[in-house]
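**Q** The structure is given below, and queries will be raised subsequently.
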Amino acid sequence: MSIFFTFLLFFTSVTPHKYLPIDRIPVWKSKNDPNIGPAFGQPEQIRLAYGGDESTYSVTWQTYDDTLKSIVEYGTDISDLKNSVEGRCAVFLDGQKHSVWRYIHRVNLTGLEPGTRYYYHVGSEHGWSPIFFFTALKEREGGGFIYAVYGDLGVENGRSLGTIQKMAQKGELDMVLHVGDFAYNMDESNGETGDEFFRQIEPISGYIPYMAAVGNHEYYNNFTHYVNRFTMPNSEHNLFYSYDLGPVHFIVFSTEFYFNLHLGYHQMENQFNWLTDDLKKANANRKEVPWIITQGHRPMYCSDFDGDDCTKYESIIRTGLPLTHGYALEKLFYEYGVDVELWAHEHSYERLWPVYNRTVFNGTQQPYVDPPAPVHIITGSAGCRENTDVFIEHPPPWSAIRSTDYGFGVMRVYNSTHLNFKQINVAQGGTEDDDFWVIKSSPKHHRPFKHRDLKILRTYGTHVPKHHCHHKSHCDETRKKRTRRHQNRDE
């Protein structure tokens, strides 16, 4: 049985969350020798995730051998972990020539009391982790939850890591929203870079939920490391999913389907149909959960110097596929009233004025009070080996605040009307690059944007024509002249 089982695993391991049979017989057990057990049974890389409601968490960890059991012991007394829950284990082989056998363990904790601190450890008789703790999510005094928001955090040069670790353990954060690009890259060195990344974030993810969105650096083998290493709610693949927490409906999706067309259009189509359905349901529930916040890695708008898709006036994320405009996200998010859109990818921080379809709402004294368009925030400077990005000298009119220093965002959604966002500058010792509020003065402003919003946007906003050039240095004719000068000089 063990030989057949090994053969089967090799050819099915890339299937997301393909759990091992409960009655399996690992190789070490098939030898029927009490002196032989798993060679590597010590759990590591412990990470929590929100399970979809305040009473449910998922716990994920890794071993390098099959321990047969996947157990979490927990309780409210560190000396008496009286509760025990058993989960399942899946083998992950990433498809490289010398794939490492990684055993990914998952356990769901249910019936948690919001606001209660729990102590826990994970493992089996073949090895236990240290004891961690978490406080089951409950709205803070004064309202809401506090989120660390960032993308593009790597194993090397992870400049924000220490500050976030400290804040998580001191109870200053409730959750992490990591908006794509992990480790740089999880598949490198036969997956060892991914292992090191999860060890580095364990002082965060062992204490608060670590919620993920996929980025371009996870592309290897159809995002296999991302799909197999994380456990996100309401999804078996983690690529797109949603959940409610307090007054917010979070929607997480993949921008990468738009840039990996060699994988086919079906992923993009499936996600777009799912987004449409999820937004319909979210709007039907807006009296209970008023805010809608999206998370996707590559932004629609930006003003970095690197020439990414978001620097183009006709970004594929914004306007969809060329010619047909199929699967365009800006129009979809506008029609269903998305309030805030969180992005990363650019290794910088940039806050936009409320904007829709090239019209920028920057002509009033309070543009973020009942804005007639979504608010975009790009925070991708947590720190990685690629350093930070440089901005163009003359930004397009939608750009409000910019910073090229290392840092991360801290967002607090206090209630149905007030959302605060700060960008913490770790390069400057924890100063704040930005601190602003998005305010919805009444529940009626949480709704799909309508014709009257467009009228307000056009009356008090700045429209950017299709062939507009916001500075002569970026005009097509200037670029052509500059290119010709370089060509003549090289000849």
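Backbone N, Cα and C atoms are what each Cβ position is placed from, and that goes for glycine too.
In TrEMBL, annotation is done automatically, which means it is predicted and not curated.
Annotations for this protein, taken from TrEMBL, read as follows:
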type     : residues : note
SIGNAL   : 1-16     : signal peptide
DOMAIN   : 43-135   : domain 'Purple acid phosphatase N-terminal'
DOMAIN   : 148-349  : domain 'Calcineurin-like phosphoesterase'
DOMAIN   : 373-432  : domain 'Purple acid phosphatase C-terminal'
REGION   : 467-491  : region 'Disordered'
COMPBIAS : 480-491  : compositional bias 'Basic residues'
**Q** Let's see if you can do this one: DSSP helix, strand and coil counts over the domain 'Purple acid phosphatase C-terminal' (373-432), in that order.
**A** 3 helix, 29 strand, 28 coil
**Q** Would you list the DSSP helix, strand and coil counts for the residues of the domain 'Purple acid phosphatase N-terminal' (43-135)?
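**A** Counting residues by DSSP class gives 0 helix, 52 strand, 41 coil.
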**Q** How does the model score the domain 'Purple acid phosphatase N-terminal' (43-135) in terms of mean pLDDT?
**A** 97
